[in-house]
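Annotated in TrEMBL:
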COMPBIAS  1-19  compositional bias 'Polar residues'
REGION    1-32  region 'Disordered'
REPEAT    34-116  repeat 'Solcar'
REPEAT    127-212  repeat 'Solcar'
REPEAT    225-310  repeat 'Solcar'
TRANSMEM  36-54  transmembrane segment
TRANSMEM  88-110  transmembrane segment
Amino acid sequence: MSDFQSEASDLLPSISSNVAGEPSRTVKQQPQPESMLKSFLAGGVGGVCVVLVGHPLDLIKVRMQTGVGGSVLGMFADTFRQQGIRGLYRGVSAPLIGVSPIFALSFWGYDVGQRFVRWSTGHEGELTLTHKCIAGGLSAIPTTIVMAPVERIKCLLQTSSAGQYRGFSDCAASVYRSGGVTSLYRGTILTLLRDGPGSVAWFGMYEFTKKAMMQAQGMEDTSQLSPIAVLTAGGLAGIANWSIAIPPDVLKSRFQSAPDGTYKNIADVYRQLVQKEGHGALFAGLRPAMLRAFPANAACFMGMEVARKALSFMD
């Protein structure tokens, strides 16, 4: 009798898991979206990494774009010889103060963009590369709100004579006194024209490279990628971004650093630049931008991914 009861109890779980004779199924749940706050904070960490690694070459880029002559190595060596390491990090206060929220907004905007794409298309499951590129482009909209005034102040600090401004706050106050909020946001449209297409290329190349590496190694989860793979994907993303962002960046740097009244509008910046220096001037600063692109953006995405893992408890 006890043997019969034991066999019956073993059968009960399998019987109760079936309704009307249907076989039991394992329901595959859709992955839950990550916390947008986590995306915001991780992006801020990535932004700090960008500045610390890339600012010296960004300094050279802006100076070349605003008419200062010389080679990349020559300008780098002259600045270091005359002003030391502090000279290479001149104007770093502006991006350090502004870049953390800028990159935080960028990655947060990318997250929001992906959610918007899912909502507008009804897409379920993993987004396609095209969807992610669209989300990347959308991320530039909130980012520009903070990016434009920071870029304005950074360009002024990097191209000003020694002692003209005491620092970020002094420069910002001077700009505000001279023209109010409008002056602080001078060059906003050019900033968006640079960062919209640039963000499409930036996020698109990062996602494409990660996917290609995963397929090549037979992986199913991005968390399995090695640090070298993340650094490579981030570096290539930076190169893709600056490959298309340099011309609007040149126009932006000229417009934001010029004295009031130099240009009538954005079209006038382009017209004067081409008339005086030719179309080649639209690519001024390409070499330092490219030299900076790989290490700075590799550091950005690595910092972001490390922060995401550290903040995984927020999901």
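Including glycine, each Cβ sits where the backbone N, Cα and C put it.
Annotations in TrEMBL come from automatic prediction, not curation.
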Distant-in-sequence neighbours of the transmembrane segment (88-110), which means Cβ under 8 A and at least six residues beyond its ends: 36, 39-48, 50-51, 55-56, 58-59, 76, 79-80, 135-136, 138-143, 145-147, 149-150, 153-154, 157-158, 167-168, 171, 199, 203, 300, 304
Segment-level pLDDT (mean, integer) for the repeat 'Solcar' (225-310): 92
